[in-house]
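*Asks:* Handing you a structure now.
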2 protein chains.
Amino acid sequence: MSAKATTPSDLEIARAVTLRPIEEIAASAGIPADALELYGRYKAKIDVERLPPADQLGRVVLVSAISPTPAGEGKSTLTVGLADSLARAGRRTMVALREPSLGPILGLKGGATGGGRSQVLPMEDINLHFTGDFHAITSANNALCALIDNHVFHGNELGIDPRRVTFRRVMDMNDRALREIVVGLGGPTQGVPRQDGFDITVASEVMAVFCLAKDATDLADRLARITIGYTYSRKPVTVADLGAEGVMAMLLKDAIKPNLVQTIAGTPALIHGGPFANIAHGCNSVIATTTARRLAEIVVTEAGFGADLGAEKFVDIKARSADVAPSVVVLVTTVRALKMHGGVPKDCLAEPDADALARGMPNLARHVATVRRFGLEPVVAVNRFSSDSTEELDTVLAWCSRAGVRAAVADVWGRGGGGDGGDELAREVLAALEAPGQCRQLYPLALPVDEKIRTIVRDVYGGADVEFSDLARRQLAQIEENGWGGLPVCMAKTQYSFTDDATQLGAPEGFTVHVRELWPRTGAGFIVAVTGALMTMPGLPAHPAALRMRLDDDGRPVGLF
Amino acid sequence: MSAKATTPSDLEIARAVTLRPIEEIAASAGIPADALELYGRYKAKIDVERLPPADQLGRVVLVSAISPTPAGEGKSTLTVGLADSLARAGRRTMVALREPSLGPILGLKGGATGGGRSQVLPMEDINLHFTGDFHAITSANNALCALIDNHVFHGNELGIDPRRVTFRRVMDMNDRALREIVVGLGGPTQGVPRQDGFDITVASEVMAVFCLAKDATDLADRLARITIGYTYSRKPVTVADLGAEGVMAMLLKDAIKPNLVQTIAGTPALIHGGPFANIAHGCNSVIATTTARRLAEIVVTEAGFGADLGAEKFVDIKARSADVAPSVVVLVTTVRALKMHGGVPKDCLAEPDADALARGMPNLARHVATVRRFGLEPVVAVNRFSSDSTEELDTVLAWCSRAGVRAAVADVWGRGGGGDGGDELAREVLAALEAPGQCRQLYPLALPVDEKIRTIVRDVYGGADVEFSDLARRQLAQIEENGWGGLPVCMAKTQYSFTDDATQLGAPEGFTVHVRELWPRTGAGFIVAVTGALMTMPGLPAHPAALRMRLDDDGRPVGLF
């Protein structure tokens with residue numbers, strides 16, 4: 001993150017680490033050998049059924065953030081580093097994180113397993129195929145699509161309207177050309193032509209279902225409830241109507257087992273599932289979080305984007321349907337992001353600017369208020385960059401002190417949580433855990449869908465109102481008609497602003513959020529409220545990271561970072 | 001295969017077997033523990049670099065067949081059973097087979113890991129995702145496609161003509177709707193529209209490359225040579241021109257390691273790679289075959305379709321570029337198929353018909369002649385079905401005796417090679433191995449492409465001549481121009497007939513084969529000669545096997561067979 005030019009790359013740091021055999025990591029986490037399914041020497045799947053009964057469930061520390069800069073505030077790195085610091089403080093700790101998506105890795109990111117001295121390993125494997133979970137999810141998704149088009153082709157007994165098939169094919173790739181396509185061309189023996197498109201695998205509803213399922217039975221039940229489209233008479237068609245939930249669950253039988261790896265410091269980590277943070281809820285699987293709670297005293301996990309999106313969805317979607325409520329929320333904050341919210345252009349964030357920093361604080365303040373609204377106490381983690389001055393860091397800490405918010409500076413990238421980079425933060429988190437909050441949802445499910453959205457916009461974003469497009473208004477009525485009004489809402493909004501306009505930084509007030517469309521996700525169990533432009537299939541840049549990747553003469557990957 | 005209604009299903013037989021830990025199987029095969037990468041308890045990848053040097057290389061027994069019935073003659077089952085029988089006879093034996101493709105399993109097949117008492121296990125895993133090799137091949141293929149369209153989108157420096165991109169996306173699925181599609185729709189920010197289509201993964205040139213590569217370096221070199229299309233000025237564009245071979249090889253770094261499993265009888269089996277037998281060469285990876293040769297005294301492996309296609313490609317393509325020449329070729333023959341070649345309709349093959357059987361023998365005779373033309377001695381394996389009468393079986397054996405061909409009846413499906421179902425066949429194979437042939441290719445590479453095709457049609461199929469379409473004639477000229485004339489030929493022809501017309505059974509003579517198109521596969525290193533209709537993306541039937549698949553209450557797959 002900081003001073004990358006003069007320090008070793010993430011891959012170089014990762015390579016210098018001597019990994020412990022995964023059996024040792026498992027034993028240290030209390031996982032019996034017969035619950036382990038090895039994938040090479042340093043990865044294993046856990047057969048949750050074979051775990052011993054837990055006396056007590058671990059506490060969940062949720063790592064969230066302020067509204068981020070485009071480069072991100074280092075949430076994954078901090079999640080790993082904090083867990084290492086808590087382990088160093090003698091607490092039985094486990095990390096729960098999302099699996100990286102191959103598409104963005106080949107595009108710009110190069111890797112997504114933390115950074116510097118705070119990484120999960122083996123990063124070369126986790127970033128490439130890992131244990132095949134995303135491939136299994138892709139297969140299950142696309143088997144359903146093949147079965148849908150095949151049903152229409154062979155007589156279409158259910159009367160599916162090919163123009164109203166809403167369930168799309170997926171690929172774990174950034175492939176712009178597949179966003180909008182026409183399938184089924186070539187004449188009557190080749191299929192029924194219709195408009196279609198591919199999403200990236202992390203945007204699949206199967207991924208969301210996979211990550212919200214409590215166990216294999218719940219997984220099959222949720223798969224069965226997925227709406228794939230509508231009949232000519234506008235009635236919803238589900239996976240159960242096609243009878244495809246069985247084969248989909250079968251294709252996911254191994255993927256659904258959480259994956260065990262280790263951090264650089266040897267802390268056990270479960271990396272499992274990875275839904276998009278915009279059209280889905282953006283955190284690792286419920287199964288990984290609940291498994292970690294059975295094994296560890298403290299579970300450090302992450303939610304995508306800022307607290308307005310990630311923490312809100314964690315509380316209102318994930319923790320509503322599963323026993324994973326956080327006890328403490330860590331808000332990752334950087335001096336750079338605060339200066340950006342104070343008006344500094346993205347290219348100048350390394351330069352000191354006390355006034356801009358002060359002007360940016362209201363963004364943090366609003367996220368702090370959000371966390372408290374959930375009944376939880378925030379801990380601000382100032383993620384240190386080498387360009388930060390001591391004065392700037394002190395300004396943030398002083399603000400937190402005045403606001404009565406626990407805070408600490410951490411340098412888990414440079415010094416590692418296994419080193420002393422997160423000791424202070426760990427102390428603050430442990431102190432907060434002494435008096436944990438009582439997590440509560442923001443709204444009751446009985447509230448109408450539009451009112452749920454208004455509640456989020458007013459109480460979390462600080463906005464004034466919500467405007468629904470004509471289409472969204474019609475969809476609200478259909479949602480009530482179809483009996484889906486009792487589902488929670490999943491906001492698809494830019495992470496850069498509290499508003500639906502990515503350029504409105506800081507903490508704007510009095511704004512209106514525009515809901516363009518509503519997408520029922522009846523398997524996952526939420527209604528996606530789409531605001532602004534939305535990309536469910538990213539593209540590759542002009543110079544993709546992929547073109548720098550290769551194997552060296554020893555067969556080791558080069559170009560991941 | 002025989003009497004399935006009254007006997008347990010393949011899945012039931014497989015479930016009743018107590019598998020040995022894969023470490024034990026590896027140890028029995030002489031694979032050191034540090035060369036094993038476990039994938040669960042019963043699968044492992046082998047790090048070939050860590051194998052001990054081999055004193056002597058094992059002999060290759062190639063299992064091929066006569067022209068098959070649509071139900072197949074049980075080649076995989078016989079390959080497994082013969083290996084078990086050879087092991088039972090005290091010979092250090094290893095199986096090398098193709099990995100099954102998910103698409104056909106979800107369509108009609110339900111599974112592809114042998115059958116009855118002659119299966120490779122764990123069949124539930126091998127048939128579903130296995131160790132992820134096909135997913136990695138799919139990713140490498142589709143990463144290349146994304147990079148191609150991205151190159152065209154971002155300025156198209158190489159001048160690729162979007163109408164002349166020949167490299168297609170793939171998916172391991174039977175998905176008719178993806179055969180012919182239009183991609184890149186949605187306006188200038190979404191891509192450059194063009195006609196495109198998906199093939200099934202086993203039809204990918206990446207799969208063919210993967211299976212012909214001798215090692216990781218050869219893999220990257222072959223990937224670099226793949227032709228992806230042509231420029232506006234009709235010059236070929238390769239993967240190397242795009243610089244994509246590095247990332248593709250990286251995505252295949254684990255997949256390229258062969259997979260170790262076991263047969264029901266505990267014989268070690270390498271299951272690795274699985275190219276189509278029509279537009280590719282249809283056998284497991286060179287790496288699996290050569291690895292098995294290093295470890296075992298006898299390697300039993302299979303080639304797709306009948307000997308006219310599978311054995312011919314094994315000799316002229318695979319054994320030309322790698323050290324895998326067979327010592328003996330087993331021709332799997334069934335009474336049913338011979339009766340079909342003698343004119344009995346498919347529905348009546350269970351009824352005795354001595355005349356039809358006699359009329360069908362010339363089909364076997366021509367395959368016997370083909371094997372001898374390669375310098376090898378055939379062993380006819382009469383794969384017994386419960387409907388076969390002793391008289392019928394004796395008729396076939398008597399014919400073989402008259403023709404001076406070793407032959408034996410085998411019942412490896414019902415009695416297993418681990419039982420006594422293959423003892424006689426094993427004796428014949430061992431006797432043949434005492435005086436193994438000297439494998440020779442059918443044609444020299446220096447022969448022009450059209451003459452190579454004529455040689456195959458005359459000397460293997462028994463045809464009179466070859467007719468090239470106008471397009472194929474133009475392509476012949478382009479192939480010479482582009483310097484590809486020295487590549488061997490890969491015939492894409494129906495497996496049901498020696499001719500290019502699937503209805504011409506038996507052993508027709510004097511026919512003309514029509515070559516419709518020629519597809520240069522410069523990475524794999526062959527020219528595909530397309531005759532007749534060709535399906536590179538299968539469809540699902542009206543009642544797909546997938547809709548019978550699910551997990552039972554214990555989380556075990558149901559509906560695989």
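Yeah, the Cβs are placed from backbone N, Cα and C, and that goes for glycine too.
According to TrEMBL, the record shows the following:
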| type | residues | note |
| --- | --- | --- |
| BINDING | A:Thr69, A:Pro70, A:Ala71, A:Gly72, A:Glu73, A:Gly74, A:Lys75, A:Ser76 | ATP binding site |
*Asks:* Where's the emptiest Cβ shell within 10 Å among the binding-site residues A:Pro70, A:Gly72, A:Gly74?
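*Replies:* Taking A:Pro70, A:Gly72, A:Gly74 as the binding-site residues, the minimal 10 Å Cβ count falls on A:Pro70.
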*Asks:* For A:Gly72 (ATP binding site), which DSSP three-state class applies?
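*Replies:* Going by the DSSP assignment, A:Gly72 (ATP binding site) belongs to neither helix nor strand, so it counts as coil.
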*Asks:* I want to check the contact list for A:Thr69 (ATP binding site): same chain, sequence separation of six or more, C-beta distance under 8 angstroms. What comes out?
*Replies:* A:Thr334, A:Arg336, A:Ala337, A:Met340, A:Lys346, A:Leu349
*Asks:* Give me the long-range Cβ neighbours of A:Glu73 (ATP binding site): same chain, 6+ apart, Cβ under 8 Å, in sequence order.
*Replies:* A:Ala65, A:Ile66, A:Val332, A:Thr333, A:Thr334, A:Ala337, A:Asn383
*Asks:* Cβ within 8 Å of the ATP site's Cβ centroid: which residues qualify beyond A:Thr69, A:Pro70, A:Ala71, A:Gly72, A:Glu73, A:Gly74, A:Lys75, A:Ser76?
*Replies:* A:Ala65, A:Pro68, A:Val332, A:Thr334, A:Ala337
*Asks:* Across all chains shown, how many C-beta atoms besides its own are within 10 angstroms of the C-beta of A:Ala71 (ATP binding site)?
*Replies:* 12
*Asks:* Measure from the Cβ of A:Lys75 (ATP binding site) and count the other Cβ atoms within 10 Å, all protein chains considered.
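*Replies:* Summing over all protein chains shown, A:Lys75 (ATP binding site) has 25 other Cβ atoms within 10 Å.
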*Asks:* When a 10 Å sphere is centred on the Cβ of A:Ser76 (ATP binding site), how many other Cβ atoms does it contain?
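*Replies:* Around A:Ser76 (ATP binding site), other Cβ atoms within 10 Å: 24.
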